[in-house]
Amino acid sequence: MALVPLRLLLDHAAENGYGIPAFNVNNLEQIQAILKAAAETDSPVILQASRGARNYAGENFLRHLILAAVETYPEIPIVMHQDHGNAPSTCYSAIKNNFTSVMMDGSLEADAKTPASFEYNVNVTREVVNVAHALGVSVEGELGCLGSLETGAGEAEDGHGFEGTLDHSQLLTDPDEAVNFVEATQVDALAVAIGTSHGAYKFTRKPTGEILAISRIEEIHRRLPNTHLVMHGSSSVPEDLIALINEYGGAIPETYGVPVEEIQKGIKSGVRKVNIDTDNRLAITAAVREALAKNPKEFDPRHFLKPSITYMQKVCAERYVQFGTAGNASKIKQVSLETFAAKYAKGELNAISKAAAKV
């Protein structure tokens, strides 16, 4: 099966009531781990790369790694997604490099640091939608800024994240604005701000509704029942992996991620894409530290890279099962980008709100 657009997977997930983890990648071992887990669980795959990941791996290397995954696992539908595009040009370059889905994050200006106005966000996102949909490529937008409801601070990821602190009005997606944004931009998926942030240090305590607003997802889904919602910064930060890292020389302080059961609540309320990166980074780091500590004379990189694949594969397989993704890859049929482009042109995939549907 060739690379497929994100919309194909999210539509299937919505029809069948499950979510799909979207795993960030920048090297061979990560891609191998994800695809091994997907094959093990019969799960569709969303691979995503940030601007930093594309620079690190190199465009040609990354593109061919993804094509190798498609060739090796022809039975698995795979999406290649641009994560947090800071400007239309970033999204267009991703499309030129065979990405089948892009995120135009207009919640921040092009410097990826300054919170943007609603009007700016709508304009740049709509610009990308017009170009991408003409090619059958899916588009994710974002409304609200990712950051902590405890501190008001964000966590930059590959240079993407606001500086300073924001208030709750900026850190929580407004349901009314969400309706206006989706109708004005026609995005395929909407990333919402509910108190999650990038990195391992998301919460200082086990999150409750006060600092993790799953109820905001429920309200947005009520207003936009046919819009695919996205949770960013949704690693669960497993305690056992942190303990293993620290056992072998790490110094990660106590921290809390997004509990799986809270993500499952979100999936029941329209969340179809769940972004995960930190959990896999922790798995790789734990494996490498353990392997090096147990055999300090070893200098063959394969000695510690092989365990990193195994540890990350375990995390990915667990998320596929926990989110209900498992068992669905074989049920999804190939649909070309050209077919999706025709559907967009005919208005068959237009986004509408619950209120508009009643008119």
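If you go along the chain as it appears here, the first residue is 1 and each next one adds 1.
Backbone N, Cα and C define each Cβ position, glycine as well.
According to Swiss-Prot, the feature active site, proton donor maps to Asp83. Residues or ranges marked as D-glyceraldehyde 3-phosphate binding site by Swiss-Prot: Ser50. Annotated Zn(2+) 1 binding site per Swiss-Prot: His84, His198, His232, in sequence order. Sequence annotations record features per position, and here Swiss-Prot assigns Zn(2+) 2 binding site to Asp105, Glu142 based on similarity to another entry. As annotated by Swiss-Prot, dihydroxyacetone phosphate binding site applies to Gly199, Gly233, Ser234, Ser235, Asn275, Ile276, Asp277, Thr278, with the evidence given as similarity to another entry.
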Of the recorded positions listed as Ser50, Asp83, Asp105, His232, the one whose CA lies nearest the CA of Asn275 (dihydroxyacetone phosphate binding site): His232
Proximal but sequence-remote residues of the same chain as the residue listed as 'active site, proton donor' (Cβ under 8 Å, at least 6 apart): Ala22, Asn24, Gln48, Ala49, Ser50, Ala53, Met103, Asn275
Proximal residue to Glu142 (Zn(2+) 2 binding site) among binding-site residues His232, Ser234, Asp277, Thr278 (C-alpha distance): His232
Candidate nearest Ile276 (dihydroxyacetone phosphate binding site) in space, where candidates are the binding-site residues His84, Asp105, His232 and distance is Cα-Cα: His232
Per-residue Cβ crowding (10 Å cut-off), top of binding-site residues His84, His232: His84
Euclidean distance between Cα atoms of Asp277 (dihydroxyacetone phosphate binding site) and His232 (Zn(2+) 1 binding site), Å: 10
